[in-house]
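TrEMBL annotations:
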type	residues	note
DOMAIN	16-117	domain 'Cadherin'
DOMAIN	118-224	domain 'Cadherin'
DOMAIN	225-330	domain 'Cadherin'
DOMAIN	339-440	domain 'Cadherin'
DOMAIN	494-598	domain 'Cadherin'
DOMAIN	599-705	domain 'Cadherin'
DOMAIN	706-813	domain 'Cadherin'
DOMAIN	814-870	domain 'Cadherin'
Amino acid sequence: VNLFAPDIYVQALPDILENSNTNIFGIVRVADKDKGVHGQIKSLDIVDGDPDGHFRIKPTDRPGEYVIEVHRLLDRETAPAGYNLTLRAVDRGVPPKQSYLVTPVRLADINDNAPVFNREIYEVSVPETSPPNTPVIRLKVTDRDEGKNAKVFLEIVGGNEGGEFRVNPETGMLYTAVPLDAELKAFYTLTVSAIDQGNPGTRKQSSAKVKINVQDTNDNDPIFETANLTIYVDENEPAGTSVTKVTARDKDLGENAYISYSIANLNDVPFDIDHFSGTVRTSKLLDYESMRREYVLRVRASDWGLPYRRQTEMQLVIKLRDVNDNRPQFERIDCMGRIPRYTPIGTEIFTLSALDFDYGSVVTYRLLSGFEDGCFNLDSVTGIISVGCDLNDVGVEQRELNVTATDGTHFADTARIQISLVRNRRNLGANLKAEDGATFECRETGVAQRLTELMAAAERNNMPGREAGVSGAADDFAMMPSRYGENVHAPEFVDLPLEVKINESIPLGTTITWIKARDRDLGYNGKLVFGISGGDDDSVFRLDPDNGELKIIGYLDRERQDEYLLNITVYDLGKPQKSISKILPITVLDENDNVPKFEKSLASFRVTENAINGTIIFQVKATDADLGQNAKITYSLVTDTRDFRVDPETGVLTVVAPLDRERQEVYELKIRATDGGGDQNTPALYSDALVRVTVDDINDNAPAFSVRDLTVRIREDVPRGTVVTVVSAIDLDSGTSSEIVYSFGENGDGEGSFRIDKQSGTIRTARMLDFEERQLHSLLVKAIDRGTPSLSSETSVLVEVIDVNENRFAPQFEDYVLTGAIAENKPPGAQVMQVLAKDADLPGPDSRVTYSIKGGDGLGIFTIDNEGRLLPI
């Protein structure tokens, strides 16, 4: 009877290197406890776990031994979890029995895959105002290998000659390393290499391009071609006359480089400037004699950048150049006078006075008419008119002199002097005194007063020190204050947290705090840029450079790092740039995100089946990387069994019920380690370990016969050695304890008539049987195992001897050929003849003779009865 299914034994399979040329890597042994053909193994094959046929099983020369071979190239990356091969063994019993065993096959990694970037070319833009250590882009690299073969380090191998960028070799985050300047270099193409950490000689690498566009910001002031300029301008030019053109340039791009011009003087000046071209023009007529002769203009150039304009100033000195634009003017005109004729020759009778408003002009006088006879002379320098002849000889009573004054370019209006010549004193008139000799009356022009006022205004307008604002005078050339002033103040933190606490499970993109700061300056001097200048080695934080928003950009793990000391730096955009830094501690709080880990997740032990209750099998140990309650571990036995128990606190696995290998030989106990992090909303985390306990056999089972009190029948005439029956017993123990030896019990061999095979239990006749001598034999069969101590059982076999015909003599006819005859018209049943045969056996059944026709009757028309009478049918 086929009672047992085959047992499959697999040695621990080693890890197989992927892509290796290994063929045989595992040995499998199959055994069956049945006897004979039932215990023979028909086949062992793989029925599941290898859909692509990478493995095959072949028998060896040893019975029941097989090898597992690899006959197709393995790739760990296509089967990262390995294979769970299901083996099936089938015996040759009737009906056949089969058993299954799942055996894991793990593939060991070799470094056969290069790192792969998720993109071949990365493109990104970064403002040039980004402070050092600003995250630019995270480069994502994967490697299909595992372990150190999959650990990838990144480095910049090209395009970073100035060291403007750096990459975190582990996280792949690309950072700025120094302040950038789009005006110096606006585009970078970096080559970043990724190399795995496999064994030297097997390391593989790949590379990617990172194109970085440095975005221009308004970080440059306009610059004048010259900071100080002095020019000369002629007076009296009409309003709108172009004086000069100033030019400033801005290194920025676009609107940041557009420039407009203005005059920043606080007080009005007689000049204006074209806002776009920088052309300086006069705004009114300039007068050297009455106005300021030197102007200091503060010309300001402002760009169009946002959010603030940048500006710079230059000093433009405009000096008026005097032009001879005034003609001399006589102080007195329309003069009338009397001169005695006795006035001696050479006597100075009148002095002309002409004034010129031009600065430094020299006035000379000229005679126009009335001097033809030489009786009057005119000094061209002093304007003195003197007598040049004896006036008594002059035949007229009246003389008219016409004179003019010139500065060398312009002439004054003609001055007319009417002179009356008198002969006696009484004719001199009341206004002529004898000692004077002559007297004149003229009309005053007031030019002297006007010149005095002009000179006073000129002196007032050009007073020394006026530009510097001394002597209490207003500073005509004071510059309007700059819109934004100088960069005087450094940034200041406002309510910076002393510490920030966050859970390690915080989602990406979460804002954890806002960094607030201020700067009491204006414009770019007060424009702030935020940055993390240190402390973020894991690339998990990002500080928005514009608004100070601190976000999570990488996954936190308290078990990797429980605290970050971020160096928060705030810069202004003034020149020179000022900054302030402060350490912000970030504490990562524990979340129940780690499952307990067993020191050994798979273990095998053996225990004898007579182990007493309380026997310690093994102590499982698990640890949890979390903290506090999250790390408190409780052990439990998941497998439904009453034979073992695990202590919930210590993890000690003990026997708690009698074991019976024959009832269950192998226990696969699943032990669960559960942490204490569960609550109403979140279940606790756990992991399982598999402990295989094999119950070792002791000889506690006696052999048991499959059939007890067997009765068999056998003919008395069977030859000696004939098989009477086969008794079969089984022993539920294992090993030698299950090996059985058969024998007859005391006086149980039928007085030597039978013998039994001690291995197979086959009972054979030991001598000839004789029904007449003994019809019934009672045998006692004993089955003894080979255990220590041995156990046995007995069964009875009742052999019934069947009587057999013992006639030793065959019937004999009187002759070998007998002849008979019958007429053809005889009816059926008519006797043809009667034959007679005699038997020499003793009277009885052995000598009783019966007859039959064996052949020769043609179509079967004759028959013979037991008396030997031959009859037609």
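Here the Cβ of each residue, glycine as well, is placed from N, Cα and C on the backbone.
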For the domain 'Cadherin' (118-224), the averaged pLDDT of the predicted model is 93
I'd like the per-state residue tally for the domain 'Cadherin' (814-870) from DSSP, helix first, then strand, then coil.
3 helix, 9 strand, 45 coil
Mind pulling out the one from 225-330, 339-440, 599-705, 706-813, 814-870 with the most Cβ pairs under 8 angstroms to the domain 'Cadherin' (16-117)?
706-813
Please identify the stretch among 339-440, 494-598, 599-705, 706-813, 814-870 with the greatest number of Cβ pairs below 8 Å relative to the domain 'Cadherin' (225-330).
339-440
Any chance the domain 'Cadherin' (118-224) and the domain 'Cadherin' (706-813) are in contact, meaning at least three CB pairs closer than 8 A with a sequence separation of 6+?
no
